[in-house]
Ligand SMILES: Nc1nc2c(ncn2[C@@H]2O[C@H](COP(=O)(O)OP(=O)(O)OP(=O)(O)O)[C@@H](O)[C@H]2O)c(=O)[nH]1
Ligand SMILES: C[S@@+](CC[C@H](N)C(=O)[O-])C[C@H]1O[C@@H](n2cnc3c(N)ncnc32)[C@H](O)[C@@H]1O
Ligand code: SF4
Ligand code: SF4
C-alpha cells in the first residue's frame, strides 16, 4: 500500500535475532549489545504470522537480517515457512557470511532466493580487526558456495571507513570484473554506540566513485538488477558483475523508500532512523487476528516519515544497527 508520500511499501526487513557471532567496530561496542531474553524474541511462528498479515497490505518481498540471521536456530525452517506464503515472491538474506558455506545449500532448498554478504576488506588481518575476530576465509567460502549454487544475484556489502579500507576500494571493485559479484559500497552511518567512529571514518559515495573511475575506467549506469534496496548500480567495461553505491548520508534515497522493519523483539519500525516503533508482539501474544495485525502494519506504513535527519549535526540513533535490523 501507499504511504502519505505516495511511496509504495512492499518490502519487509525482518530482524530474526539481535545476536551476532562478530562485533564489527562500526556496528557494536566491544562488549557486544546486551542480550535480550529468549522469550522477548519473536518465535518462528510469530514472524510467519506477521509476514502473512503484511501481505494483506501489499508486502511481496522479505529480507532476513539481524544481528546475524544465520545464528538463529531454525532459520532454514523459517525460510521454508515464508516460501510457502503465495504472495511472497522474493526471500533474501543479509549475512556476514561466516556460517554461510555450511548452510547455503539447505537455505536454497528451503526457498531462499538470494544473499547479500558483508565484506569490507580482502586482507585477512584487517578483516579480523574490523570484525573483532572474524575469519575472512570462512566468508570467502560462503561467497564461492553462493555463486556455485546460484543464490543469484550475489551482492557484497562493503562499508567504507577512512583510514581502514579506503585504500582497498579499487581491489573490491575489481571483484566485479573477476566474478559475477555485485559489489556495493555503503556510506558509514552514525548508529548508536558506534556513532563516534562513523564521524571520523565517513567517506562520501561521490569520492568512492571518483577513485574507482580514475583507476578502472568510466562507470556505466545499469538500469535493472534484482532487488528492492536503495543502491544505484554501475558496470565497469566488460565486467560480469556490477558496482553499487548506497549513499544513505550524502544523497538519501528516502523518496524511493519502500520498506518497513520488524525488530527481533516484535516491533515494527517505520524508519531506520526514527525511534518510533509500533508493538506487534503484545497483540500477537494476546491473540490478535490476521486482520488486526494487518491494521497495525497499515498504521506503521502511514507513520513513515518522509525523510531522515541524518544531515543534522550530531544526529545519531540510540540503538545500534544490529538492534534495529540493518
Ligand atoms: N538509510 C537507509 N539505509 C538502508 C536502508 N535499507 C538498507 N540500507 C542500507 O543498505 C545496506 C544494505 O542493505 P541489504 O540488507 O544488503 O539490503 P538491500 O540493499 O536493501 O537489498 P536488495 O537491494 O534487495 O538486494 C544496509 O546495510 C544499510 O546500510 C534504509 O531503509 N535506509
Ligand atoms: C547490521 S548487519 C546485519 C546482517 C549481518 N550481520 C551482516 O553483517 O551482513 C547489515 C548491514 O549493516 C551494515 N552496517 C552496520 N553498521 C553500519 C553503519 N554504522 N553504517 C553503515 N552500514 C552499517 C553492515 O555492514 C551490514 O552490511
Ligand atoms: S555488521 Fe552484521 S556481522 Fe557485523 S557486528 Fe553488525 S550485525 Fe554483526
Ligand atoms: S531513512 Fe527511513 S525513510 Fe529514508 S530510506 Fe531509510 S527507512 Fe526509508
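For all residues, glycine too, the Cβ spot is worked out from N, Cα and C.
Just so it is clear, the model here is predicted, and its values are computed rather than measured.
Residues annotated as domain 'Radical SAM core' in TrEMBL: 4-230.
The GTP binding site annotation in TrEMBL covers 13, 63, 94, 155, 259, 260, 261. Under the three-state DSSP scheme, residue 63 (GTP binding site) falls in the strand class.
Taken from TrEMBL, the feature [4Fe-4S] cluster 1 binding site applies to 20, 24, 27. For the recorded site, residue 27 ([4Fe-4S] cluster 1 binding site), the DSSP three-state label reads coil. Counted within 10 Å of its Cβ, the other Cβ atoms near residue 27 ([4Fe-4S] cluster 1 binding site) come to 27, all protein chains included.
Among the features that TrEMBL reports, S-adenosyl-L-methionine binding site is placed at 26, 67, 118, 189. For residue 118 (S-adenosyl-L-methionine binding site), the count of additional Cβ atoms within 10 Å of its Cβ stands at 24 [all protein chains shown].
Annotation source TrEMBL lists [4Fe-4S] cluster 2 binding site at 254, 257, 271. In the structure as shown, the Cβ atom of residue 254 ([4Fe-4S] cluster 2 binding site) sits within 10 Å of 18 other Cβ atoms.
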CB neighbours within 10 A of residue 67 (S-adenosyl-L-methionine binding site), counting all protein chains shown, number 27
Tell me which binding-site residues (254, 257, 259, 260, 271) have a Cβ under 6 A from ligand 2; sequence order is fine. none
What is the total of other Cβ atoms whose distance to the Cβ of residue 20 ([4Fe-4S] cluster 1 binding site) is within 10 Å? 21
Between residue 261 (GTP binding site) and residue 26 (S-adenosyl-L-methionine binding site), what C-alpha distance do you get in Å? 20
Near ligand 4, which of the binding-site residues show up if the criterion is a Cβ under 6 Å from one of its atoms? Options: 13, 63, 254, 257, 260, 271. 254, 257, 271
Out of the binding-site residues 67, 94, 155, 254, 257, give me the one sitting nearest to residue 20 ([4Fe-4S] cluster 1 binding site) by CA distance. 67
Just to be sure I understand the contacts, which binding-site residues have a Cβ under 6 angstroms from any atom of ligand 3? Candidates are 20, 24, 27, 67, 94, 259. 20, 24, 27, 67
